[in-house]
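The following features are taken from TrEMBL:
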type: DOMAIN; residues: A:2-67; note: domain 'HMA'
């Protein structure tokens, strides 16, 4: 089990949270995604280490951006 | 053809616009719904006059509120 945290910019409502959760949750090995809307913090639990590139792609596909 | 305009509060992103458009668009007789996100203005085109109560119910079901 591995846990990683990212900051996502641009989420404004529950629908945004849902979109990000769905896209990130669809990454191979991800078992849980938790999003805190006010801070933009996304905590990902996965079976193995995820690459930041994969997370970035998922977040972008959802329509948002990883911070820096 | 009848056109009416309402102000909806609480929409913050494109998903919100989509939710309101879908719920209002499902009202009987509605042929077109246009939402301006920055102002919250929702313009509804329908075959006959809509009751404000029906519009209010649809907006509430989408998770938002009609202004006063």
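Yeah, the Cβs are placed from backbone N, Cα and C, and that goes for glycine too.
Mean pLDDT for the domain 'HMA' (A:2-67) in the predicted structure: 97.
Note: the domain 'HMA' (A:2-67) comprises 23 helix, 23 strand, 20 coil (DSSP; helix = H, G, I, strand = E, B).
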